[in-house]
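> If you scroll down you'll find the structure; I have some questions about it.
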Amino acid sequence: MIERQAHSLATSPLALKVMLTALAMLMTLTGVTFHLVSQNGQGGIFVDFHAFYAAGSLALEGHAGDAYRMATMEIVQQRIAGHETFMPWTYPPPFTLFVAGLATLPLGLGYALFTGLSLAGYLLMLRRIAGNFLPGVVLALLPVLVLGVITGQNGFLTGALTGWFVLALLARKPGAGLPLGLMIIKPHLAAGIAMLTVAQRRWQAVVTAAGVVLAALVIPTLVFGLPIWTAFADGVRESGAFLAEGRYPMHRMTSPYAFALGLGAAPGLAFAIQGASALAAIGLLGLAWHRHLSPRLLAACACAATLFVSPYAYDYDLTLLGVALALVLPDLLRRTGRAEQAALLMLAWSATGYGLIASLLGNGEAVRVPQQPLALMAPLLLVLIGWAAMVKRRRLLPRPDIAAAPPGAVDLPVGALGTVSAAS
């Protein structure tokens, strides 16, 4: 009876409706607040979507390159927020062109359209992968979803692109290259899935992705001119210096670099630790491919490995973890009891929501590392992923009420990415 209740929560339509309704209400409140504050000119809390809007506004004024100079961007951000802020702009020019389109709309409307549509695309993708287990995925990912809604970040967009790529790749569709190519907006988050594509010799997808990337590079060049790339390169160098100085909110970063820097390591040592973690993550993904893990598990490994590649990775990028969870949740439920499921859920909330809670309880501003909460997201994520990996290696519990494949999920060919081994 207890196990059936745990299972029912992971597949409960009522639980899903409650969570989605709460997210919709939060999004409406946030959008209305953004609109009223911008109309009154009183300033207010400055979040990521405001930075999108600031960069887009500069682009519309014919000064897209200025978005990559913090001295200029800081002035625009202060005008919007009404107080000093620190959000350097390091997105590639294709995304700068995209946010220029958003800046043609009123702030609140632009936020609502971008966040609402990207969240819808992300949830639809999760439904295709997880099937009837979508409520369980949303429940485990709730801190990330709340964070994405209140900040208007692009985590829903990158998560949706990653998930739709996984679906297309597992179904052996050449169109997998389209979402892969669109990840040019955050190329460091495509490391795992790009490696998977090459390892599987999916050359049609590679060619399609290359074509999309080429178009994404040419179009903003035609719109902004060649100097936009010089400005972008200068902005990346400037942000690298800021990262070494610890001027970002490191407690919201998920990278081993942030964890090491927070413990007092010198920037050089912290970068070395990050490099080692990136090599280890990619190496483990290669080992998973070599062992011929099941298609869904291998795709989940690719999403998880990506989280540890770049030193610049934030809590809102953990939408990729949601894709991995959607791929393996039914298997985890079939190997765990209710108590362990509750413990895993608490750990998932801690690992994904630590940065948000630390910001609310402490000084959430972008100040120097010694003044910030300790960056604990990387070790928490490692424990969570390691625990899930150990669970996956266990024998199945006698659980006839949980199907081996998620009901309602997309039917993926078992041999799409290799044969299923006993270890998978």
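Each residue, glycine too, has its Cβ placed from N, Cα and C.
A TrEMBL annotation is a machine prediction, not a hand-curated record.
Annotation source TrEMBL lists transmembrane segment at 14-37, 95-125, 137-170, 176-198, 205-229, 257-285, 343-362, 374-391.
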> Which listed range (14-37, 137-170, 205-229, 257-285, 374-391) shows the maximal number of Cβ pairs under 8 Å with respect to the transmembrane segment (95-125)?
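When the Cβ pairs under 8 Å are tallied, 137-170 comes out ahead.
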> Between 14-37, 137-170, 176-198, 205-229, 374-391, who has the most Cβ pairs under 8 Å to the transmembrane segment (257-285)?
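The listed stretch sharing the most Cβ pairs with the transmembrane segment (257-285) is 374-391.
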> So which residues does the transmembrane segment (176-198) touch in its own chain, when a touch means Cβ under 8 Å and the partner is 6 or more beyond its ends?
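Non-local partners: 91-92, 94-95, 98, 154, 157-158, 160-162, 164-166, 168-169, 204-213, 216-217, 281-282, 285-286, 289, 298-299, 301-306, 309-310, 312-313, 317, 320, 417.
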